[in-house]
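Taking it in order: structure first as structure tokens, then the write-up.
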Amino acid sequence: MMHPSRQAYVEEAEDTDMGIDLANIPVDRNYDLPSAAAGIPAERASAILSQFERKRRAAAMAVPTDDGRVRARLRELGEPITLFGEGPADRRDRLRELLTDLAERQEAAAAEGDVEMMEAGEGDEAEEEAEQQEEFYTEGTHELLQARKDIARFSLPRAKARVARLREESTIPLRTHIKHRKAIKEKLHNFDLYGSQIAGDRPVSICRFSPDGQIIATGNWGGGIRLLTVPNLEEKLSFQAHNDRVGGLSWFPGATLPTSNVSESTVNLVSGGGEGNVRLWSLDKDQPLATLSGHSGRVCRTEFHPSGRYVASASYDTTWRLWDVETTAELLLQEGHSREVYTVAFNNDGSLLASGGLDSIGRIWDLRTGRTVMILEGHIREIFGMDWGVDGYRVLSGSGDGWVKCWDLRQVRNSGGIGAHKSVVSDLRWYKGAESDSYLPSAEGRMDVDGATPTDEAPVPVQPKKSGTFFVSSGFDKNVNIFSADDWSLVKTLSGHAGNVLSTDISGDAQWIASCGHDRTVKLWGIE
């Protein structure tokens, strides 16, 4: 036997890590991604979020374990009870997928107003029809030609004044801009719930502040409109406006302002209903001043032109229309969307209109020529909200994919994207200031932050504006979010609704934010 000291030394092999046991694998079902995931394009992040949300929903779906009950449930759904080579586990997974699809369709129908989803097998036919479609032009009437000329006369001076204002702002030092934005963010952090009021027996679909910020107009799924005072949320006026749900609601430019010549007995409001009618309202009676008929489907949104002479309406008949307020005549029936049109919005100049629909496509229209200026492609779900910035060349769109995207008309591209909500973005509003005229320069060519004319004779250096610095969005995650409009960061989340939030708005002085939703309430958020 060899002495141990003379034996060759061999190092013992260390225990190598052969991996991790299956029982110790961590399970993380939190699929929420940050809104600005580094290195991930907005479209890909949207697809990932949608896929994860679908997996989460499928995992929580209750599915029978007994194969006989699985077959019976498949038969109830009108599906084959078994496929070639399919075992009980595969059959159960197929049922889970079908139930998940059914739940998503039912949720979408409730959210979009009973949207009829495309049946299986119709996708190929729709694609074939889309390939056969081509752009065409329809000769307009003399009234439409005159309206286009009037819109051009109205919008060109405003565009000139806006560009002059932007040139003035370009001379402001960067340090001043940074201090101004920082002060605004600090103020926005102070928003909190001020009051809540039930505004209908059914979900409240839309809310809009009056131009003076002292009244909130609300519309509900029962067809009623209620006017609530600010800040007490007391009922000022209530009437049955439509036979079906109220979708669109917009104030006449200058209505309720003490300096305006708009009286309570003239047109102050426009509304759109589920029966397809657009109606004009005063503030002193519960009967419409006029009814604009022509849509064959539900009217989802209505908007006054900045001049107040025209009204645009978006409808489920796949068109949006332009109406003359004075004559109540239909001036334009505009096609261009392959599915229902849900939202329309005018820019402050009054020259352009943005439309978005359930085809997930947005379009920018030049009202002076009738041509499409830009097509907004990038969302993977329906577009439910659109709004313009005061700069005149940027427009926001909110979609069912949970994203808010910013589109730059100068660069003709998507300039930003925000994962704004965990679910559907139902509405969004860009803060524009007290009125659309707030950006017009004064006689001296100078203006302060609120758009007021200086009283002293010496010109005052141009200061940054508060308008256009932030926007708010509402979503089906029961939240209202406030975002900065320069770096697109989330400033604050306002939580308090018990159900999906369907609409939101900002008062002209930025002191109040209103929201409404499925819980049948209107909530008022104020700065502490």
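Cβ coordinates are placed from backbone N, Cα and C, and glycine is handled just like the others.
No curator has checked TrEMBL annotations; they are predicted automatically.
Here TrEMBL flags 65-119 as domain 'Pre-mRNA processing factor 4 (PRP4)-like'.
Summarising the annotation, TrEMBL assigns repeat 'WD' to 269-291 (among others). Here the repeat 'WD' (269-291) is broken down by DSSP into helix, strand and coil counts: 0 helix, 11 strand, 12 coil.
Under the heading repeat 'WD', TrEMBL lists 292-333 (among others). Proximity of distant same-chain residues to the repeat 'WD' (292-333), defined by a Cβ-Cβ separation under 8 Å and at least 6 residues beyond the stretch ends, is recorded for 113, 140-141, 143-144, 147, 150-151, 154, 158, 244-245, 247-254, 267, 270-280, 339-346, 348-350, 353, 355, 357, 367, 370, 436.
Proximity of distant same-chain residues to the repeat 'WD' (334-375), defined by a Cβ-Cβ separation under 8 Å and at least 6 residues beyond the stretch ends, is recorded for 112, 115, 126, 130, 137, 140, 148, 151-152, 154-156, 158-159, 162, 297, 300-307, 312-322, 381-388, 390, 392, 395, 397, 399, 407, 409, 412, 432, 436, 439. Residues annotated as repeat 'WD' in TrEMBL: 334-375 (among others).
Within the chain carrying the repeat 'WD' (376-410), a Cβ under 8 angstroms from the stretch's Cβ atoms is held by residues 42-43, 46-47, 49-50, 108, 111-112, 159, 162, 166, 342-349, 352, 354-364, 416-430, 432-433, 438-439, 465, 467-468, 471, 473, 475, 483, 485, 488, all 6 or more beyond its ends. Residues or ranges marked as repeat 'WD' in TrEMBL: 376-410 (among others).
Looking only at the repeat 'WD' (494-528), the predicted model's pLDDT averages out at 96. Sequence annotations record features per position, and here TrEMBL assigns repeat 'WD' to 494-528 (among others).
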Over the span of the repeat 'WD' (292-333), count residues by DSSP class, listing helix, strand and coil in order.
0 helix, 22 strand, 20 coil
Reported in the order helix, strand, coil, what are the DSSP residue counts of the repeat 'WD' (494-528)?
0 helix, 21 strand, 14 coil
